[in-house]
Amino acid sequence: MSPAPTTSAGPASSGIPPSSLPTSTVTEDDTKPSSSSSKANDLLPRYLTNDPSRTGYDPSIQWWMNYFKILTGQITPEGVEHYREDRYKANEARDCARCEADRDWLFQNSPVIRFLREKVANLNGVLDETNVVCRRCPSRIVVIPGNKEKGEEDRIEVARQGGGFSPDHGILLCANEMRNRGHLEDTLAHEMVHAWDHLRWKVDWFGEKSLRHAACTEIRASMLSGECRWTRESIVRGNWTLTQQFQNCVRMRAIQSVMARPTCKDDVHATKVVNEVWDSCFSDKRPFEEIYR
């Protein structure tokens, strides 16, 4: 099928204090503008590389030695992220093989995955092992510049994702981020809702005309995939709220996804767009009749 990329997980706060980030250790993206545009450069995200003298994580020694250093508090939160990323690289083949086995099992045995696959096929789309692929998805420690005129400090986030959908390529499952088969099922269902929406309505993924398309499909995907059900929110994320928990989760995840669009200005803009389409999109359960998960 011809399933603009979306992601099912946005940046996550790492808890790394900005004061521990000397500018000499920060690298900028290779696609940055020329140095003459210094004002524009200040607005670009910067990505941190590991410095053992700062983080305590030394990739030249055995992994178990670094693990012991983590347990004894000798490695900073930033160093833990670098350690995790290196372990993902080392275990890439194992993680992808497990992801592919779980994907194939879900295609055969999961009621929600089989139902969505059938509905995609009814719209002349095909989702199978050729365009639902498992890959390692690198995470990056991002330095978000603060507004110096307002006295804001730089903010540190870890940018990672669980999966994605592209109309030109299909569905991506981030093998290194999948905790278990149930997590993969939620992620795959989320992206399959995007695929159905694209075949049904030709979604404006990048928000070139309007961000409302992106907001609506993100609301629907989070609502119908099961990723916001109470058991996952409470046990996995530690959110034990009983009232409006489901709605709050769907709204929050939709806002995070809309913020990743290039035409979205900030969280205020994303929230405004999500609120504009909330009533109509949250009540639209197609291709299901009810919310089953």
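Every residue gets a Cβ built from N, Cα and C, even glycine.
A helical conformation is recorded for Glu191 (active site) in the three-state DSSP classification. Using a 10 Å radius centred on the Cβ of Glu191 (active site) and all shown protein chains, the other Cβ atoms total 27. Annotation comment: Swiss-Prot describes Glu191 as active site, evidence class sequence analysis.
Swiss-Prot lists His190, His194 with the feature divalent metal cation binding site.
Residues annotated as compositional bias 'Low complexity' in Swiss-Prot: 8-22.
The feature region 'Disordered' is assigned by Swiss-Prot to 1-51.
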